[in-house]
Amino acid sequence: MGNADYVHAFAGVECAHRVTVPPPQPFFKSLKYTLKETFFPGDPLKQFKNQPLSRKLVLGLQYFLPIIQWAPRYTFQFLKADLIAGITIASLAIPQGISYAKLANLPPILGLYSSFVPPLIYAVMGSSRDLAVGTVGVVSLLIASTLGNEVNATENPKLYVNLAFTTTFFAGVFQASLGLLRLGFIVDFVSHATIVGFMGGVATVVCLQQLKGILGLDHFTHATDLISVMRSVLSQTHQWRWESAVLGICFLFFLLLTRYFSKRRPKFFWISAMAPLTSVILGSLLVYLTNAEKHGVQVIGHLKKGINPLSFGDLVLVAPYLKLAIRTGIITGVIVLAEGMAVGRRFAMFKNYHIDADKEMIAFGTMNIIGSCTSCYLTTGPFSRTAVNFNAGCQTAVSNIVMALALMVTLLFLTPVFQYTPLVVLSSIIIHAMLGLIDYEAAIHLWNVDMFDFIACMGAYVGVVFFSVEIGLVISVAISLLRLLLFVARPRTFILGNLPNSTIFRNVQQYPNARSVAGVLVLEIDAPIYFANSNYLRERISRWIEEEEDRIRSSGECSLHYVILDMGAVGNIDTSGISMLEELNKLICGRGLKLVLANPGAEVMKKLNKSKFIENIGQDWIFLTVREAVGACQFVLQTYKASKDESEAYNQV
């Protein structure tokens, strides 16, 4: 018996609306809509509609070169703020650039080159007002560990440097391709939890690697795992240099003290920002005045003057190293994209403006492609440098231009100053920067909020620290994909009950006072139904029915007659899901029950109609809301009971 002959009422509210099947659409129109929603969720082409050709050309240039859009509105007040911010981050970029280049086993001068050209490119093409471009410690170590496994930087330095340029080139091509093809969502497959663990693990490994510089060791392991590093350190106790250790600890204490002071007094942020350059200057003066390099304190040595030489001809585009460069480029490209996008979005949120993810990827890719041809290695927007830029009051990307100009002056005139810089100071600067990436507060937050996310975080951390950076990265991605698959393959299902004195149905576990409806089992499916979860849902719904029938038998309540599936959260369904519903309907009918659907979406209704499932179940048993479905079931049960009572009374007469 259906509800077509009745206009039923539930809780005093009449319900006479029916669930309709959406009108059919041509395949190509539907495909066009799907592609648009996938690749253009923000509709970036909206601004081009109904515009003359000349205006479209201007808008196109503004899209790829945002500086054209905001430069005409640039003011003198902005310039003053950006000058201060640019000079401030330049003071941080110089020591960090040298330090991270050493970490990547590259010549220190490349770190300065990488803070000159890429920031200029990003200032023209980037959409973030706050991002400060430069090299990062995580990627520097990743390049060292990946390329170092194939080519020894000491024995074959030229090939190693050329491979670093080639890696940067392919990372840029990969990044720009993601942006042009609107595939930025791929980066989102790496979860925040695994990024926290991966970054923390790499920071720990980097800090351990700096024991070589702190202790003044000449020979050190190329492995990055904790056991290998500690074995290398403890096996060379007779070669530890106390002069280097004392100097390193003193400078590290100074850097940590300035960071602590700047955190307590945010107005004095510049003290912490200037501390690394101050350490380099003081360390260089100390070495120069005391001739410490003759007493076991290692120094950088000669740095050549001049801006970036061209390196396009140095790219290694032949076997057997081409595959290594492509693989490393893709891996490092994803990492710097994830970090750069996360940093950019975070600071854009503070100033309440939006950055286009795909546009940012094009900017990152372009600056790394051009950078690889101008003696730069991989760059992005590191958090520490961007935080200093933000706190310094930057207003636009001109702060990157100011920083690049300051680096140009350094490269042209000041590089001889740094030849006396002790390596132990660079190690202290790296440790100081890396300690800020060990976000234990975020790990504690994950522990309190989501245990699975905490396990993912710690899995990535342990993989990096105890095995290798590459294994840690694989674990990070694998855990992220596993979490995604678990969401898809094992969706949640709930029993719904009616909240007292209302027409609302909610999860009985969340709302213990929600009451079940006699003779009716209401279930909610909390995900789309696909081939990956259809078998699980069939078995889980069957178990819900068995458990409900067992509960009814033990309590002596009214027997079960209807199973209502709330489809409100089922955004889509495939053929495997439809087959599952058909099997479930047969199973439920075999038990003498009736399957009822509530709140199915347009896409679901369209596919159920084409598969003839609606004919099998009956259009009258598909409702707009759970309230209407329950009302219809109760109406039929009451009508059946009344007619049964009349029949029994008649038979008795």
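Any Cβ shown, glycine's included, is placed from N, Cα and C.
Remember, predicted model here, so these are calculated numbers, not experimental data.
Each residue in the domain 'STAS' (510-633) has a pLDDT score, and their mean in this model is 90. Under the heading domain 'STAS', TrEMBL lists 510-633.
Using a Cβ-Cβ cut-off under 8 Å and counting only residues 6 or more beyond its ends in the same chain, the transmembrane segment (83-100) has close neighbours at 108, 111-112, 114-115, 132, 134-137, 140, 270, 273-274, 276-277, 279-280, 300, 382, 384-385, 388-389, 392-395, 398-403, 405-407, 410, 418, 421, 425-427, 429-430, 433. The transmembrane segment annotation in TrEMBL covers 83-100 (among others).
Positions annotated as transmembrane segment by TrEMBL: 106-124 (among others). Same-chain residues lying 6 or more positions outside the transmembrane segment (106-124) and placing a CB less than 8 Å from one of its CB atoms are 65-67, 90, 93-94, 96-100, 131-135, 143, 153, 157, 160-161, 164, 300, 303-304, 307-308, 363-364, 366-368, 370-371, 374-379, 381, 397-398, 400-401, 403-404, 407-408, 410-411, 415, 418.
Counting same-chain residues at least six beyond the ends of the transmembrane segment (131-148), those with a Cβ under 8 angstroms from any Cβ of the stretch are 89, 93, 96-97, 99-101, 103-106, 111, 114-115, 118-119, 122, 160, 163-164, 167, 199, 202-203, 205-206, 209, 222, 224, 324, 327-328, 331-332, 335-336, 339-340, 343-344, 347, 367, 377-382, 385-386, 388-389, 394, 397, 399-400, 403, 430, 433-434, 437, 468-470, 473. The annotation transmembrane segment is assigned in TrEMBL to 131-148 (among others).
Annotation source TrEMBL lists transmembrane segment at 160-181 (among others). Tertiary neighbourhood of the transmembrane segment (160-181): same-chain residues 39, 104-107, 110, 143, 147-148, 150-153, 187, 311, 314-317, 321-322, 324-326, 328-330, 332-334, 336-337, 357-373, 375-378, selected by CB-CB distance under 8 Å and a gap of 6+ residues from either end.
TrEMBL lists 193-211 (among others) with the feature transmembrane segment.
Marked as transmembrane segment by TrEMBL: 240-261 (among others).
Among the features that TrEMBL reports, transmembrane segment is placed at 268-289 (among others).
What TrEMBL lists as transmembrane segment is 324-342 (among others).
Residues of the same chain lying 6 or more positions beyond the ends of the transmembrane segment (362-384) and with a Cβ under 8 Å from any Cβ of it are 64, 92, 96, 101, 104, 106, 110, 113-119, 121-122, 125-128, 131-136, 139, 143, 164-169, 171-180, 308-312, 315, 332-333, 336-337, 339-340, 343-344, 433, 436-437. Residues annotated as transmembrane segment in TrEMBL: 362-384 (among others).
When Cβ-Cβ distances below 8 Å are used as the criterion, the transmembrane segment (390-413) is approached by residues 67, 70, 74, 77-79, 81-90, 93-94, 97, 112-113, 115-117, 119-120, 122-124, 126, 128-133, 266, 269-270, 273, 305-308, 347, 350 of the same chain, each at least six residues removed from its ends. Under the heading transmembrane segment, TrEMBL lists 390-413 (among others).
Under the heading transmembrane segment, TrEMBL lists 420-438 (among others). Non-local neighbours of the transmembrane segment (420-438) in the same chain are 95-96, 98-100, 102-103, 137-138, 199-200, 202-204, 206-207, 210, 212-214, 216, 244, 247-248, 251-252, 255-256, 259, 275-276, 279-280, 283-288, 292-293, 297-300, 383-384; each lies 6+ residues outside the stretch with a CB under 8 Å from one of its CB atoms.
Per TrEMBL, the feature transmembrane segment maps to 458-486 (among others).
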Contact yes or no, the transmembrane segment (193-211) and the transmembrane segment (458-486), 3+ Cβ pairs under 8 Å, gap 6+: yes
Tertiary contacts of the transmembrane segment (240-261) (same chain, 6+ residues out, Cβ under 8 Å): 213-217, 268, 271-272, 275-276, 279, 282-283, 286, 292, 295-298, 422, 424-425, 427-429, 431-432, 435-436
Contact set, same chain, for the transmembrane segment (268-289): CB under 8 Å, 6 or more residues outside the stretch: 88-89, 91-92, 94-96, 98, 247, 251, 254-255, 258-259, 261-262, 297, 299, 388, 391-392, 417-418, 420-422, 424-426, 428-429, 432
Helix, strand and coil totals (DSSP H, G, I; E, B; other) for the domain 'STAS' (510-633): 63 helix, 22 strand, 39 coil
